[in-house]
Amino acid sequence: MTTTLWPQVLKQLEAVLNDQQFLTWIRPLEAVEEDNTLRLIAPSGFILDWVNKKLLSQIKQAVYLVAPVNTPEVTLEVGEYAIESFNEPENTSVPQPLRETKAEREAAEKAASSTSKKKSDSPPKKTIKHNLNTNFTFDTFVEGKANQLAAAAARQVADNPGGSYNPFFIYGGVGLGKTHLMHAIGNELMRRDPNARVVYLHSERFVADMVNALRHNKIDEFKRFYRSLDALLIDDIQFFAKKEQSQEEFFHTFNTLLEGNKQVILTSDRFPKEVDGLEDRLKSRFGWGLTIAVEPPEFEMRVAILMKKAAEFGFLLPDEVAFFIAKRLRGNVRDLEGALKRVGAFAQFTQQLVTVDLAKDALKDLLALQQKMVTLENIQKTVADYYKIRVADLLSKRRTRNIARPRQMSMAISKELTSHSLPEIGDAFGGRDHTTVLHAVRKINELKETDHRIEEDFNSLIRIITN
């Protein structure tokens, strides 16, 4: 068995798992290859249990794909307790040179003694696991109207860490680029200073680290490590909800880092004040810096994403195929990437050129499901639930603001997500004229430019309906 097995397995797993799963549960594993066995060593029992229950079958499948002949057995075990990153070395003295004069030796001993005395006050820097995905950079990030403000702010944070945009909080739905931007900042910080103490982790990993530190009486090391970072990047902060002890520890870590002008970057699937189960004092502090949203990609951005990803995957994507996919799939970047991979694989397996007809064949079940989900009736029900009114109100003749605006929103979304004509949409909304639908579409488009709340409602509803 070669020593290249585990890196190849990692590539297989990175392709099939989402970023959160891969970075939180797979990256921390260490691999030892011996006697036709792949020993995977987890840094904690918590991670071992999760991998064993949730991901072991996928790991074994990836191992088989890499080594179908003499496939090694996969075993899991917990390593000696220590999250490598926050263990201090037992001996930090500088190794002595092979040849030295008496004067040089005395000087070295004096320096070592001085270093030893200062150890408790200023622990030495050491290499730590940053957990960054080096593929997620600003260069590989596709910008559009939906994320250009977030991208510009992220670059500012990378240029001036610990500055006015601290903390930097990015929120939005799944697969819209929050994690990519977070890693891009981290990678840029590491590029500029390879010795920077930058760490990315999922909020669940922070909780797991703290639990293990408490269990093994290592809480002081845990605190010292996280509070000594130059930049702390925590994904999906909403998972801190209702975990009081974790919130307490993070609160103090957060304060220490900000007081030291160290950068904190956070993400969530919603606006921080809307995260239920999160302490008010944390929500308040998250607002000290810059909070910014990423929205679902607009049509032009979806096309750009498809073109760029196709180039990365190594196949030519004709414009008309990119337009076809972008028009019919309005979800997140991950959905687009998945659809593109399917089209590319279908073309390779059938040895055909990538055309619109081929894309229709490759995506027919996905498109059928999307069409089944996105109906006028479904749009009406979703909008009514969102605004806490009845579908009957949308179809009625009532013209009060609390009914008229959701009705206009429903019509605009119907025009955006379905192929129904204006008269058909009007007929579905209580027999209204097509000019009423046209007015509603124009009104919502105008309001999206001037009213942030309307724009947020529109994007949230699109996300709910298409996902």
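Just so it is clear, glycine is given a Cβ too, placed from its N, Cα and C backbone atoms.
The following features are taken from Swiss-Prot:
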BINDING   GLY175, GLY177, LYS178, THR179  ATP binding site
COMPBIAS  99-109  compositional bias 'Basic and acidic residues'
REGION    1-85  region 'Domain I, interacts with DnaA modulators'
REGION    85-130  region 'Domain II'
REGION    87-129  region 'Disordered'
REGION    131-347  region 'Domain III, AAA+ region'
REGION    348-467  region 'Domain IV, binds dsDNA'
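Overlay of Swiss-Prot feature records on the structure.
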{"residue": "GLY177", "record": "ATP binding site", "contacts (Cβ under 8 Å, 6+ apart)": "PHE141, ASN147, ALA150, VAL294, VAL333"}
{"residue": "LYS178", "record": "ATP binding site", "contacts (Cβ under 8 Å, 6+ apart)": "ILE170, TYR171, GLY172, ASP235, THR267, VAL294"}
{"residue": "THR179", "record": "ATP binding site", "contacts (Cβ under 8 Å, 6+ apart)": "ASP19, GLN20, PHE136, ASP235, THR267"}
**Message:** Just to confirm my parser: what is the rounded mean pLDDT across the region 'Domain IV, binds dsDNA' (348-467)?
**Reply:** 88
**Request:** Identify all same-chain residues not among GLY175, GLY177, LYS178, THR179 whose C-beta atom falls within 8 angstroms of the centroid of the ATP site's C-beta atoms; report them in sequence order.
**Result:** ASP19, GLY172, VAL174, LEU176, HIS180, LEU181, THR267, VAL294, ASN332, VAL333
**Request:** With DSSP as the reference, give the number of residues of the region 'Domain IV, binds dsDNA' (348-467) in helix, strand and coil.
**Result:** 93 helix, 0 strand, 27 coil
